[in-house]
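To keep things clear, I will list the structure first and then write my remarks on it.
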Amino acid sequence: MVCWYNFSPHLTWHLNALVNDIKTRPLETLLRPDKAYVQSSDPFAPILVLCLWFIALTGLLGAVTQEFSWVDRIWSVAPPLYAWLFALHPYIALDTVWPTTVSECMTRPFLLAGLASLWGLRLTYNFWRKGGYAGGGEDYRWEEIRTWFSFSTLQLFNVVFIAFFQNILLFLLIAPAYLAWVGRTYHALTLVDVVLASLFLLLLLVETVADQQQWVFQRQKYQALFQRPSRKRRASLRATTAESPARPPKNPDTSIPLVTGDIADGFLQSGLFAFSRHPNFWAEMSLWWVFHLFAYPAAGIHLERRHDWNNFARWPFWANWTAVGPLLLTLLFQGSTSLTEELSARKYPQYRRYQKRVSRLLPWTPKARKD
């Protein structure tokens, strides 16, 4: 059985080798992670060097442009890239024969790389359509965060939290792919992998639906508040409201009742958002916890066996070091969610009532609405 708590000497050896390479050949080691990747018998250290490259790049770009969403721009790219580098390493660096059939590709490293890619494609598209890759596409919450710090403290925050912490977090999230690489010749796919993959895809679907509902709502909100309706639409609205005994608030420019319901309140409260104030956040955290669970079959632990359940109760088995990634992500989301809610409560008077009715993250039955 290949177990994560036995990886410590293994990782220590490769990390020490990386440190020695940096001391003796700093430029070759740090400037050519691709060469180190091809020549290494273990991909962990070279991929870690690539992560260090991302840290330096995003930190430098943030300092030069004073725009702090550079990590956001690689957020959907880095984990799939790491996963594929783990999955393809045996074929690129170890002279393993490339798979030629679908069955030969049905391995855990390829499965995890595929799941990470689906996650990355969805997030990349969602970030792109919101203008995240365009100039000035910085997250609106940074405007608030800038008021917390002096200029010098903000630069330190950019280096330590944004560039370093978040890039290391992305590396840790994909750690189960490394365990899959280590156990690739020992442990084939099992029913547990199928169940976990299905659960991952279900959570990805929930996140996709939630983001789509939010996207549609924001577009409708923008059109209602900032775009004048067509002449035909104005005539239709006049006819409708003339027959209605209870007239909603009117648009000051056209004297036509345009803004009602969730749009009038300013935030989405229907669909998945009727059961959770942040269903997309909940799904994102949950799917990475599911991804972390792939470490168990990757380490050869079959939880359908009684003796493995007995071993599971012991400290080393459930203290799986790959849980650090989703744990840090969960803590990060707690902070970002609190900031998002505080800004929403300041902007929208009805948001406090929404907070009392609907669960913060975990989807749950809402309390009755009192209008």
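Here the Cβ of each residue, glycine as well, is placed from N, Cα and C on the backbone.
Per TrEMBL, the features are as follows:
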TRANSMEM  44-61  transmembrane segment
TRANSMEM  81-98  transmembrane segment
TRANSMEM  148-174  transmembrane segment
TRANSMEM  186-206  transmembrane segment
REGION    233-255  region 'Disordered'
TRANSMEM  286-303  transmembrane segment
TRANSMEM  315-333  transmembrane segment
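Most Cβ pairs within less than 8 Å of the transmembrane segment (186-206), among stretches 44-61, 81-98, 148-174, 286-303, belong to 286-303.
Ranked by number of Cβ pairs under 8 Å to the transmembrane segment (148-174), the listed stretches 44-61, 81-98, 286-303 are led by 44-61.
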